[in-house]
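> What follows is a single structure, and I will ask about it in a moment.
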Amino acid sequence: MAAATRGCWSWGSLLGLLGLVSAAAAAWDLTSLHCHFGAFCECDFQPDFQGLECDLAQHLAGQHLAKALVVKALKAFVQDPAPTKPLVLSLHGWTGTGKSYLSSLLARYLFRGGLRSPHVHHFSPVIHFPHPSHMDRYKKDLKRWVQGNLTACSRSLFLFDEMDKLAPSLMEVLRPFLGSSWVVFGTNYRKAIFIFISNTGGEQINQVALEAWRSRREREEIRLQELEPVVSQAVLDSPHHGFWRSGLMEERLLDVLVPFLPLQRHHVRHCVLNELAQLGLEPRDEVVQAVLDSTTFFPEDEQLFSSNGCKTVASRIAFFL
């Protein structure tokens, strides 16, 4: 178990784990045999919800909505032996609020190989779809890639990063894969998970959080019902977002819209302490304070939210050590 989750194990759990080693080894051989012949094969899909929830509780600062929404949706989806459609999550929020981090945790705790699993596919507009003039080729390649990988393993995870930089027409290719049809292009695809990540809607989320703070409402009192309409509208109104006129939102193909709230000073402090722990270092007050002092906060009057969230914490710690 990774160091990030050690704090969630009791001595009883550890002792019990030792007793399961030989049984797990035998089960591994059986699973490998099943996968070899293509029967009962879930590839390397082995969800660990206890580990996921523990890691989220310890390391994802200030995101009560994201934690609850994602875990609830994943559990319901994975526990359904015959889902009617793939699980489609859309993550929205300001930079550095934990969207990419949460996505990496999902890969780590859903697949044995984590982000290196052959059944986890990460797409970036800058890397995979850089030239608008090649869009027709990209569409064919993306359709072939998704179709081929779902044929190889129905339990596949597709991550699309920086959706606010993705050519909208590219998403038209995915529409047939995200709905409730039984089979698409001869491929059983209903157990797949699609995650879309973007900063679009971040300003609207920040405004709701700021108004809540000014009204002296607790951060945890902010509900999805307050955020979902304004974020959805921001996406629909943005011609730069990958969902623009793609039909994905209009046809309600997104299962869960996941908002990430802007981070306050104590959340950034939490990130600094976590990073120091990951480096194997004792918390040093002067380092923590130096990182906080070098962080920019907004709005200008309140100085409430971190401009970069926790995105630059690691580099700032290295500078002040």
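Placed from the backbone N, Cα and C atoms, the Cβ positions cover glycine too.
TrEMBL: automatically predicted annotations, no manual curation.
In case it helps, TrEMBL gives these features for our protein:
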type	residues	note
BINDING	Gly93, Trp94, Thr95, Gly96, Thr97, Gly98, Lys99, Ser100	ATP binding site
DOMAIN	85-226	domain 'AAA+ ATPase'
SIGNAL	1-26	signal peptide
> DSSP on the domain 'AAA+ ATPase' (85-226): how many residues come out helix, how many strand, how many coil?
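The domain 'AAA+ ATPase' (85-226) comes out at 73 helix, 24 strand, 45 coil.
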> Other than its own, how many Cβ atoms are within 10 Å of the Cβ belonging to Gly93 (ATP binding site)?
29
> Which ones in the same chain are close to Gly96 (ATP binding site), with CB under 8 Å and 6+ residues apart in sequence?
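Correct list: Leu263, Ser306, Asn308, Gly309, Cys310, Lys311, Thr312.
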> Specify the count of other C-beta atoms within 10 Å of the C-beta of Thr95 (ATP binding site).
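Result for Thr95 (ATP binding site): 17 other Cβ atoms within 10 Å.
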> Within the domain 'AAA+ ATPase' (85-226), what mean pLDDT does the predicted structure show?
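Value for the domain 'AAA+ ATPase' (85-226), mean pLDDT as a whole number: 93.
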> Highest Cβ count within 10 Å among the binding-site residues Thr97, Ser100: which residue is it?
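By the 10 Å Cβ neighbour count, Thr97 comes out on top.
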